[in-house]
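Here is what TrEMBL records for this protein:
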type	residues	note
DOMAIN	1-236	domain 'Kinesin motor'
BINDING	12, 13, 14, 15, 16, 17, 18, 19	ATP binding site
COILED	245-272	coiled coil
REGION	316-335	region 'Disordered'
COILED	371-398	coiled coil
């Protein structure tokens, strides 16, 4: 908010909580929603008279190809910059979340041994913040959700993805090692990921690295590699500085120029009513309102609090794997307590899928891929429930047999005395 670039990087093995750490849940929001809310609260509470303009971009690196998650544009590198990237102007927390949801729907995910919906790409969400008081400052806050490192395996497509993921993560680890050791030449160009991260890793940014690990013994090798990466990252020295721009080149100046132009057109239309129709004047007024909305002013409320629509994306990746509790019954027919509710949920989803085509997308609580995923998980839980019921029934029979033997032994002992 004060002209300093910043970045948060989540690094670790697949299924260790990187995306959950970044996105979180409505009850436990992650780094992205907390940071976004903090930015807008800062604007609201700022006492110095200042105006702000915020924009959001969302990229992914998939199989060494940079994709724009907000449009069909093809980003390209120019020197150490990435250009031809969609940047959505935002004026509220809800605007930011809507952009994130759009991007997440286009991101590559797939099933792995460790995660049913694992990120198969590196994702970079970038919030550009411009502020103007006495001078115009510009900065970016980047959230980097790296794909998880893992051993090669699975289908041919997953194996190919894994090779690209591990190659780019190796390039990142090498860059961090070179920076930590103070080398003059840093191999940023070894991968698309490191080229995208060059502005953050190059020194002019405040960077935080979050490393996630697994406790399972079979993950010891990956855990050791992650901890080594963290150890090296701690040694990298950054010297962030404020970034100012010439007023004429700022986004705020561009907005104000467009506002002045629209006001001029509206004034001319009022003086000469015949020059524009009512619809055209209404369109001009709407465009003017939208532009003025994008110029955020300090000390004014700009948005409501957290919008839970954002967390729908995170929830579909963070399904709980814990089994429901066993409900005991004296009759000997044990049932899984949650089985009937699950069946009702599944039936409701299937009815919704086969319902009227006139239903709007906003009336559907789950996206199509979310629905398929939920049904898949429900099938798994039902199968586990049936298996548990069989085991419980078997154990109950054994228990009854043991109790009968104990009663028989106890009865025999009484006769002896």
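Indices start at 1 and increase along the chain as displayed.
The backbone N, Cα and C atoms fix where each Cβ goes, glycine too.
Beyond the coiled coil (245-272), the same-chain residues lying 6 or more positions past its ends with a Cβ under 8 Å from any Cβ of the stretch are 51-53, 55, 130, 132, 136-138, 280-281, 284-285, 287-288, 291-292, 294-295. DSSP gives residue 19 (ATP binding site) a helix state.
A count of other CB atoms within 10 A of each Cβ picks out 19 as the most crowded of the binding-site residues 13, 19.
When Cβ atoms from all protein chains are considered, those within 10 Å of residue 17 (ATP binding site) total 17, not counting its own. Mean pLDDT across the domain 'Kinesin motor' (1-236) comes to 90 in this model. DSSP assigns residue 14 (ATP binding site) to coil in the three-state reduction, placing it in neither a helix nor a strand. Taking a C-beta cut-off of under 8 Å and a sequence gap of six or more, residue 18 (ATP binding site) has these contacts in its own chain: 10, 11, 12, 119, 145, 146, 148, 210, 212.
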